[in-house]
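Per TrEMBL, the features are as follows:
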type     : residues                          : note
BINDING  : ASP73, GLY76, ASP78, SER80, GLU92 : Ca(2+) 1 binding site
BINDING  : PRO167                            : substrate binding site
BINDING  : HIS197                            : heme b binding site
BINDING  : THR198, ASP242, ASP250            : Ca(2+) 2 binding site
DISULFID : CYS41-CYS119                      : disulfide bond
DISULFID : CYS74-CYS77                       : disulfide bond
DISULFID : CYS125-CYS321                     : disulfide bond
DISULFID : CYS204-CYS229                     : disulfide bond
DOMAIN   : 35-325                            : domain 'Plant heme peroxidase family profile'
SIGNAL   : 1-29                              : signal peptide
Amino acid sequence: MAPAASGEHRRGVLVLALALLASATVAGAQLSSEDYYDASCPAALLTIRSAVATAVLIDRRMGASLLRLHFHDCFGCDASVLLDDTASFTGEKGAGPNAGSLRGFDVIDNIKMLLELMCPQTVSCADILAVAARDSVAQLGGPSWTVPLGRRDATTASASLANSDLPGPTSNLNGLLNAFSNKGFTTTDMVALSGAHTVGRAQCRNCRARIYNDTDIDASFAASLRGSCPAQGGDGALEPLDESSPDDFDNTYFVNLVARRGLLHSDQALFSGGGGGATDGLVRAYASSADRWGSDFAAAMVKMASISPLTGTNGEIRVNCRRVN
């Protein structure tokens with residue numbers, strides 16, 4: 001397991017994130033600094049951090065779940081992923097990449113309830129998701145970064161967009177590169193963000209084809225998984241994305257890829273092992289340096305959290321994250 005990031009490294013990540021904010025794109029420039037709620041809801045960030053810490057203490061897996069909620073919202077970053085279905089739209093919770101697997105909604109609900117009691121209709125659900133993701137990573141031993149704030153919440157959601165925009169577990173390298181490039185990410189961003197799979201679990205249905213059909217997989221690793229993920233049935237059985245340390249935010253995910261022990265086809269797609277893969281070099285670099293990966297991950301998270309936010313008078317500040325006002 002990689003050692004926890006040093007205080008010096010954490011400070012370096014924060015400086016990098018701040019520098020990124022200063023040179024943000026047009027979308028990111030519409031957001032404000034992390035002191036956005038200092039006057040209107042001074043305890044907002046502390047409330048979110050305390051609630052996340054409690055949730056992760058009770059269930060360490062929740063850290064990965066909250067991070068994933070933000071990821072699946074942030075090919076938009078407008079809290080649309082939190083909306084329940086209505087008569088006028090089919091939400092994103094039942095979309096292919098999300099159905100039966102997203103969790104942590106109750107944690108977000110609890111945070112929102114506390115904030116509504118303290119500062120009614122002030123802190124957006126989208127900002128809660130962004131801050132909770134950062135705090136979850138920190139709770140699991142990963143880096144921290146400065147979260148730009150000031151997002152507003154969407155008033156609708158789209159299952160079809162979630163199905164088309166989010167890369168799936170069977171994606172190949174070109175599919176991953178295209179999906180991330182379409183949102184303005186570089187190859188480095190994509191590989192760094194993929195390292196979020198150093199925590200959490202995946203359902204058997206999403207890794208079955210890999211462990212029974214793929215050839216670029218360590219034989220003993222595949223055999224060990226077949227016992228709990230049968231060729232038929234057991235679709236919901238959970239397998240750790242990082243077998244070595246599934247609840248620690250470290251760089252062993254990349255070490256596993258070099259050893260051909262990536263759980264999902266889309267994970268192992270990042271490393272071919274033959275030396276000619278477009279992302280092989282980055283995977284090896286991150287496997288060798290937790291600090292380099294942590295820094296690149298933090299920078300990419302700042303970038304991701306600034307994708308097409310609703311600001312100003314666009315959208316709304318929801319009272320209940322599950323439904324529009």
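Glycine is treated like the rest: Cβ placed from N, Cα and C.
Where the annotation comes from TrEMBL, it is an automatic prediction and has not been curated.
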Residue among the disulfide-bonded residues CYS125, CYS204, CYS321 whose Cβ has the most other Cβ atoms within 10 Å: CYS125
Distance from CYS41 (disulfide bond) back to the residue listed as 'substrate binding site', taken between C-alpha atoms, in Å: 36
CYS321 (disulfide bond) versus binding-site residues ASP78, GLU92, HIS197 - nearest by Cα: ASP78
Binding-site residues clustered about CYS125 (disulfide bond) [Cα within 10 Å; pool: ASP78, SER80, GLU92, THR198, ASP250]: ASP78, SER80
Per-region confidence, the domain 'Plant heme peroxidase family profile' (35-325) (mean pLDDT, whole number): 94
Rounded Cα separation (Å) that holds between CYS119 (disulfide bond) and THR198 (Ca(2+) 2 binding site): 35
Spatially closest candidate among CYS41, THR198, CYS204, CYS229, ASP250, the listed recorded positions, to SER80 (Ca(2+) 1 binding site) (Cα to Cα): CYS41
Alpha-carbon spacing, ASP73 (Ca(2+) 1 binding site) to the residue listed as 'heme b binding site', which is rounded to whole Å: 16
Residue from CYS41, ASP78, GLU92 whose C-alpha is spatially nearest that of ASP242 (Ca(2+) 2 binding site), among the recorded positions: GLU92
Listed disulfide-bonded residues (CYS41, CYS77), ranked by Cβ neighbours within 10 Å, top entry: CYS77
Spatial neighbours, same chain, of THR198 (Ca(2+) 2 binding site) - Cβ under 8 Å, 6+ residues apart: LEU241, ASP242, SER245, ASP248, PHE249, ASP250, ASN251, THR252, TYR253
Alpha-carbon spacing, CYS229 (disulfide bond) to the residue listed as 'heme b binding site', which is rounded to whole Å: 19
Minimum Cα separation from CYS41 (disulfide bond), reported as the residue among binding-site residues ASP78, GLU92, HIS197 that achieves it: ASP78
Under 8 Å by Cβ from HIS197 (heme b binding site), same chain, sequence gap 6 or more: LEU241, ASP242, TYR253, LEU263, LEU264, ASP267
Rounded Cα separation (Å) that holds between CYS74 (disulfide bond) and GLU92 (Ca(2+) 1 binding site): 12
